[in-house]
Every structure is written in structure tokens, then in C-alpha cells.
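Notes follow the structure.
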Amino acid sequence: MRTKLSTCNVWFPLLVLLVWNPARLVLANIQEDEAKNNITIFTRILDRLLDGYDNRLRPGLGDSITEVFTNIYVTSFGPVSDTDMEYTIDVFFRQKWKDERLKFKGPMNILRLNNSMASKIWTPDTFFHNGKKSVAHNMTMPNKLLRIQDDGTLLYTMRLTVQAECPMHLEDFPMDAHSCPLKFGSYAYTTSEVTYIWTYNPSDSVQVAPDGSRLNQYDLLGQSIGKETIKSSTGEYTVMTAHFHLKRKIGYFVIQTYLPCIMTVILSQVSFWLNRESVPARTVFGVTTVLTMTTLSISARNSLPKVAYATAMDWFIAVCYAFVFSALIEFATVNYFTKRGWAWDGKSVVNDKKKEKGSVMIQNNAYAVAVANYAPNLSKDPVLSTISKSATTPEPNKKPENKPAEAKKTFNSVSKIDRMSRIVFPVLFGTFNLVYWATYLNREPVLGVSP
């Protein structure tokens, strides 16, 4: 018995291997045959779909309007150019429509195809109305996707990079907000032939990737969608519009423009505290601050398009320029009255000297006339001549000469204009800043959105 059991234990695994290996080979062959059959079925379905198919004709020609459902997924938004008034956007652009000619029956419900099939069927002639430049990505192969359902519904997706126009109104710059549109529609088909419809609700038809913002100077507040019809000489066309709402960040401009302007105005007001006789110092303050404001105003305009109206920053710079220039005019006024005071002291001293010289000359002339009149009589009368000699011998007592008063080098007191300016200028400039920032920072952004 033991011998028989050991013999069975040896032969049983061999029998299992002999039976399993052929079965496994048969299953593999069956699966391979099924794969070949599927490939053959796919090929036959595609050949049958394209047999007699004319991609020059739209679906439902002569019977119904072709409805194209669209949605957009934004992978990258930005940058935005203020000078060119344009922005760059990278999207997955998706379109879905139904073509009865592409219905099929088979073991699968969806045919997943690449871009080679897209060139053999009809696709919408969609273009971007406000696009300056559009690029379809082709590395390493054209980035296109095509799916055909058994009921003839097609999904066509492509990756695009679009440079589009973004009209900007810069009256509130740099506290401004903008709505950049992306408009697209059919180039050749009117509303009676092809119409566009958003696939989902407004919040889902246009989506932006969480890390898709490429903006340094803006915040992307959100997006909205719309639809409109435009008329032209060739008919009416459907235009789909997606608006991207942007709010400018003010931090860069505060550091680069606003703070330097404020510091320049404060520096110009330091001259009110200098002595009004310090002409060189106050002149340097005034001229330097005026030139600095001129440079700041020029540099602030370099980052903006050449618009014909004044922006909020222009108004701020203009007021700062007015304060700086007024400080220079204030010094000129103070200096003018200071010069008149010094000139008056000098004239009074000169006039006193002239009066003293005139009185001395008058006394000398009177004495000379008296001597000339009595000279002949003295020579005839010996008594008078003796008296005259005795009278002329002693020298008259000289009166001590009064030294002319020297010009007093007095220092002018603080000008009343300077005293007033020390209070008026800072108060006015502070009030202006309060009104300016309260007005623009609390203003709701106005976004121009077309219907």
C-alpha cells in the first residue's frame, strides 16, 4: 500500500503540469485572438465610418443646426502686458458636437483616437475674435484628443496658447481693475448653421487650475461667461465670451513711486526750518526736490501706455509737484523781503555820513568868508592888526570828531511766512493724502463686462 501511495504522489503533479500547460497555452491563444479580433473590429469600424464620409460638409446639413458645446480649462494665465494691453493664456479647449454619420455598433461604446483621425472628419472652424496670436502645441505630437461615442457624439480637445487683447481703462491706475475677455466663435458658419453653447453652468464652463496664475502685478478675482450675437455684412454669428477679472496689486507702485514722492515733499518742507539768510542751502533744497519730482513723474509713465488722460498716479504726482514748487516759491518770497531789510540799514548809515560831511564843509566855508572880508582893514589899522595877530595865533579848540556809526550786522528774525508755512504745508499735504487714499482704496472696482 505504501508503495502505491508513493507512486501516486509522484505521478499526480506530473499529470497536473501536463494538463495545465496546454490549457494555459490555449487561453493565451484565445486572448491573443480576441485582441486581434478587437483590432480588426476597430479597423473595420473606422473604415466603415469613413466610407463615403465627406468632411467638407457639416453635420445635419440642410436639416438642423449644428450645436457645438464648449468649455475651457485654463492651465496657465499670464503674464499681462499693460503697455500692449494684452495677456497670454494657456488652455485646454474642448468642443463637443454630434455627427449622425459617425454612429457605430461594436463591442465598445467609445473610440479613443488621436489627432490623425481629426483631420479626416468635420470639425468646427472656431477662431478667437480678440486673439493676436494663437499657437497649437505640437511637441512631441500634436496635442489633440478625439473621442467618438457610439451614438455619433464627438469630443475634440486641443491645447492652445493664445495672446488676446485686453482693453484697459487706466483712470484709477494703480488702484484699477480690469476684465480681460476671451472671445471665440465660428469663422464661416452663421447662427442658422452652427451655434455654440456652454457645456456646463457658469462656474464650471471655465475653470482655472489652482496653480495656474502667472501674475506678478495682479490678483485673479474670478471669471464669468457670456454669449452674444454679432452682425456683419455676411450674416449673424455667435460669439462666446469668457471674462477674467483682474485687480492690480499696489505694493510695487507704493515702493517705487508713492513713497519717494511723499519723502520728496517732506524734504522740500525742511527748508521752512532753515534760517532765511541761508540762501545756498534753501536754494539747493528747492531745486533738488523739483528735479527729483520731474524724474519720478517721467519714470512712472514708462510702464504705462501713452494714454491721453490722467491716471490716479498722475494726479498724485502733480499735487506733490505743486507742493514742492510752492515751497521753492515760498523761499523766493521770503528771500525777497529779507534782501529789502538789509538794504534799508545800509542806506541809513550812508545818509548819516553824507549829512556830517555837509555840515563840516558849511562851517569851513563860513570861516573863510569872514577872514576874506576883514583882511584889508587889518592892514591899515595897526591896533587891529596887532589884535588880529594875537587872535590868530592860538589855535581854536577842535571839537572831538564823532565817528560815523558802522552798519549794524543785525540778524533777521524768523519770517512770518516761514512760520505759517511750517503749519499750513504739512496740514494741507496730510489732508490731501487722507482724501486721496480714502477715495481710491474704498472705491469698488468697475469691471467693463460685455453681455
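Numbering starts at 1 and runs along the chain as it is shown here.
Heads up, the Cβ atoms here are built off N, Cα and C, so glycines get one too.
Swiss-Prot lists transmembrane segment at one of the ranges 281-300, 361-380, namely 281-300.
Judged by Swiss-Prot topology annotation, N335 lies across the membrane from E444. Between C166 and the candidates C180, C261, Swiss-Prot annotates a single disulfide bond, the one to C180. DSSP gives N114 (N-linked glycosylation site) a coil state; it is part of no helix or strand. Taking Cβ-Cβ distances under 8 Å and a sequence separation of 6 or more, the neighbours of N114 (N-linked glycosylation site) in its chain are M141, K144, L145, L146. Considering only the recorded positions R94, N138, T157, C166 (disulfide bond) has R94 as its nearest partner by CA-CA distance. Within the same chain, residues at least six positions away from C180 (disulfide bond) with a Cβ under 8 Å of its Cβ are V80, Y87, A164, C166, H243, F244, L246. Most Cβ neighbours within 10 Å among the recorded positions N138, T157: this distinction goes to T157.
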